[in-house]
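Undergrad: The structure's right below; bear with me while I get my questions together.
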């Protein structure tokens, strides 16, 4: 079965050392339908990946907070960037740190949410986020502070509308808590074997292989309809 594909980056297209497995490049390019890169990373990362793959710029960034579909030619923003900024300001004012050093390259281009290093205290971050009506999601790579009503499924709904398809037509592949809603909304959701409990619980199937090997396995299983 070939259908539109939505795929996460970290933990799904990568190896355990967090580098992208180059085998996924040709696999994505060969997929004979729409491919959407759906990530918690800020907008330049999925856009850059699409550019270097030579594929249409169909991206869900910042956990659904920023969406771009090339045929539509516009960026759609979901979420509350002012809320994320307020959480950052209050967290730092309380004596905590975002954890990315003097030059914060992680949040530099982030427009609708905030990412905090997982070595930083979580409890005060959650408390401050709650005060501002924001959620904190642990992706296994960072704590993401985002609008409570926005996630990758929100992004997929936007993408599907712009592409003229329905969300249930998609195959989705991911590994983390922030992929759970995406995996549930898609017609078929695969969690790779290294996925956390949230992603596993939301998926229709879990691959035997982990990381990029699991992604490649999921593509094979989707083609074979198994």
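Cβ coordinates come from backbone N, Cα and C, glycine included.
Straight out of Swiss-Prot:
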type: ACT_SITE; residues: 8; note: active site, nucleophile
type: BINDING; residues: 8, 10, 175, 179; note: Mg(2+) binding site
type: BINDING; residues: 152; note: substrate binding site
Undergrad: Mind giving me a neighbour count for residue 179 (Mg(2+) binding site)? Other Cβ atoms within 10 Å of its Cβ, every protein chain shown.
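TA: I get 36 for this one.
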Undergrad: Reported as an integer number of Å, what is the Cα distance between residue 179 (Mg(2+) binding site) and the residue listed as 'substrate binding site'?
TA: 7
Undergrad: Show which residues of the chain containing residue 152 (substrate binding site), separated from it by at least 6 in sequence, have their CB under 8 Å from its CB.
TA: 6, 8, 38, 60, 63, 64, 174, 178, 179, 181, 182
Undergrad: Same chain, not part of 8, 10, 175, 179: whose C-beta falls within 8 angstroms of the C-beta centre of the Mg(2+) site? Give them in sequence order.
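TA: Counting only non-site residues, the set is 9, 11, 12, 39, 40, 139, 173, 174, 176, 178, 192, 195, 199.
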Undergrad: Return the residues near residue 175 (Mg(2+) binding site) by Cβ distance under 8 Å, restricted to its own chain and a separation of at least 6 in sequence.
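TA: Listed in sequence order, they are 8, 10, 11, 12, 140, 191, 192, 194, 195, 196, 199, 211, 214.
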Undergrad: If you count, for each of the recorded positions 8, 10, the other Cβ atoms lying within 10 Å of its Cβ, which residue has the minimum?
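TA: Taking 8, 10 as the recorded positions, the minimal 10 Å Cβ count falls on 10.
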